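According to Swiss-Prot, the ATP binding site annotation covers 17, 18, 19, 20, 21, 22, 23, 24, on the basis of sequence analysis. Marked as substrate binding site by Swiss-Prot: 19, 20, 21, 22, 23, 24. Look at Swiss-Prot and you will find 42-45, 166-170, 247-252 tagged as region 'Interaction with substrate tRNA'. Residues or ranges marked as site 'Interaction with substrate tRNA' in Swiss-Prot: 108, 130.
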């Protein structure tokens, strides 16, 4: 697409960054001075009843700056990158039709990638998912997994022999990663985002600062009632650690503590470590991201001014 045709597209803003980098605070400030509406890009904030451990914006923040795509799933439900892309495009179209600019804020980089580039027909292999499938096969046999595929994707099951573990495993893996069947995905192709996107990433200047912020925020969550929040989820009886919601950083570690598998101190240590690892993965994504402008989270006023310099002209 050439620059002229790109300039005629509706505008959108991405505000990305690692966990605990101050994205939400900056987005709320930007909404005060720009004609923007916020869309959450976070695979944990979609879940109802998971507020403290996800650092979900509080009632006052949401009153000042409503976020779309919050609290749209029960923790027992799955939500894929394909689901997000569909929902986000719908919200962006609504916002644009109202004469405003979508501001997408969050740290789930896979969602940003899916939205920006479209979904590639098949997701990349996931060693963790593949390992779970192989473990299931060792316990139940490949014939049982073929029957499972028969229920999920009968078209693929008819094509794949029960004695072909590689193809059988891949078909199941694709479904578990994307929430879509192999048959569905091979019938579709990705479409690039039909918007002129201004992309920003906010992060502290050093890894040490980010680690300090992560540790501080984890302790703030604990002081705010995080344990009680997870105990309420645990008490439901229908949730478990195979669900994406309970595998969220912090929740998985608190769950292990509640089940008596680890001590409280070990839970805190593992929770902080897991959050740091998440931030590291997010930063790896962002360092390889094309066309992103970096903002310093330790200087929020300057970060706001830098966004306004770039975006202010498009808001006139």
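Just so you know, glycine gets a Cβ as well, placed from its N, Cα and C.
Features per Swiss-Prot, on structure.
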| residue | record | Cβ neighbours (10 Å) |
| --- | --- | --- |
| 17 | ATP binding site | 27 |
| 18 | ATP binding site | 28 |
| 19 | ATP binding site | 23 |
| 20 | ATP binding site | 25 |
| 21 | ATP binding site | 27 |
| 22 | ATP binding site | 19 |
| 23 | ATP binding site | 25 |
| 24 | ATP binding site | 23 |
| 108 | site 'Interaction with substrate tRNA' | 20 |
| 130 | site 'Interaction with substrate tRNA' | 16 |
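Rounded to the nearest whole angstrom, the C-alpha distance between residue 19 (ATP binding site) and residue 130 (site 'Interaction with substrate tRNA') is 27. Listed by sequence, the residues of this chain that lie at least six past the ends of the region 'Interaction with substrate tRNA' (166-170) yet keep a Cβ under 8 A from its Cβ atoms are 125, 130, 133-134, 137, 142, 145-146, 149, 160, 182. Here the C-alpha separation of residue 18 (ATP binding site) and residue 130 (site 'Interaction with substrate tRNA') works out to 27 Å. In this structure, the C-alpha atom of residue 130 (site 'Interaction with substrate tRNA') lies 22 angstrom from that of residue 108 (site 'Interaction with substrate tRNA').
Summarised as a single figure, the pLDDT of the region 'Interaction with substrate tRNA' (247-252) averages 97. Recorded residues residue 108 (site 'Interaction with substrate tRNA') and residue 17 (ATP binding site) have their alpha carbons 9 Å apart, per Cα-Cα distance. In the three-state DSSP assignment, the secondary structure recorded for residue 22 (ATP binding site) is coil.
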